[in-house]
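Here's what TrEMBL has on this protein:
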type     : residues : note
TRANSMEM : 6-30     : transmembrane segment
DOMAIN   : 23-229   : domain 'G-protein coupled receptors family 1 profile'
TRANSMEM : 42-64    : transmembrane segment
TRANSMEM : 84-104   : transmembrane segment
TRANSMEM : 125-148  : transmembrane segment
TRANSMEM : 168-192  : transmembrane segment
TRANSMEM : 213-238  : transmembrane segment
TRANSMEM : 244-265  : transmembrane segment
Amino acid sequence: MASAPAFGIINWSLTLISIFLFLILFILFLKIRNEQREKDISLYLTMNTCLAGFLTSSCVLAMVSSNVFKPFLLRNIDFCYIFGLFYDIFECAIYYSYCLQSFYRLCRIIYYKVRFLLSWRFYRVLILIQWFITIILLLPTLFLKWYIHLPGESYCLIPYDNLIGSFYLILVLYSIPLITMIVIYIWITRYIRTRTNIRATEKQRNLRDFTAIKRIIVCVLILISLRFPTIAFIFYGIGNGYLFIWTYAIVGLVTATCLIFIALMSISMTNKFKKLVSSFFIGTNNQVQPRTGTNS
């Protein structure tokens, strides 16, 4: 049975909101880039996350549209499989991009004297490597023929009743990035505690970077917790031999919510974005408020 039309419309609307938010972030990024002379590495790493989020949102929009309107993704089944693979690659890139952000903070705190570890050229290469790793990790799933046309849906993904495929995605998408970030967090924590003679400016910089890593980890933990329904549906399918009738519709709703959360957190966790958004709303409020003074 196909997903409920109400779910389709809601998911479609939420995904459009996420795409709109990511487009706003791209516009803000272009504005900042044109105004500043030096490249802000943390800003570019944030935009790497936003790019992965935007591409994921675009895939979700296409899959939901194929469900709600015409099943255009099923016209060529091989294309449908490849499209499903790209969706998983883009989603995987979100979590690995957060690992890259954490690594940058690690270098700023511990290896701040090693210049090439804080250079834009180095992180430009790392961004390419990050995308290459996500492709390499997920490409075997296509050759193993794990992607199928999901029953009752108009797109292709690895079904949740594929036990090996589902657990592989959980390992690659969630477990590896989370463990990596926790290791970086512990590494930095131990380093800070063992350091006694630190200059005030260095201490303040370390505190900012350490706070940024904590925010990244909290963000990823929230994203993973929002994925608990997916894991619950997997175990439901294993235990009962079939999936809940609205499994993929509910997971789509959770995915769209996560993407909106990623866009909002990107604004909240990036000071330059936050300042631009705040100045926009403050300027708008000043224009709307009537003048209370009188002319003398």
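Residue numbers in this text run from 1 along the chain shown.
Using N, Cα and C of the backbone, Cβ positions are placed for all residues, glycine too.
Automatic, uncurated: that is what TrEMBL annotation is.
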Touch test for the transmembrane segment (244-265) and the transmembrane segment (6-30), at least 3 Cβ pairs under 8 Å: yes
Distant-in-sequence neighbours of the transmembrane segment (168-192), which means Cβ under 8 A and at least six residues beyond its ends: 88, 91-92, 95-96, 98-99, 102-103, 105-106, 109-110, 137-138, 141, 158, 206, 209-210, 213-214, 216-217, 220-221, 224, 227, 231, 234
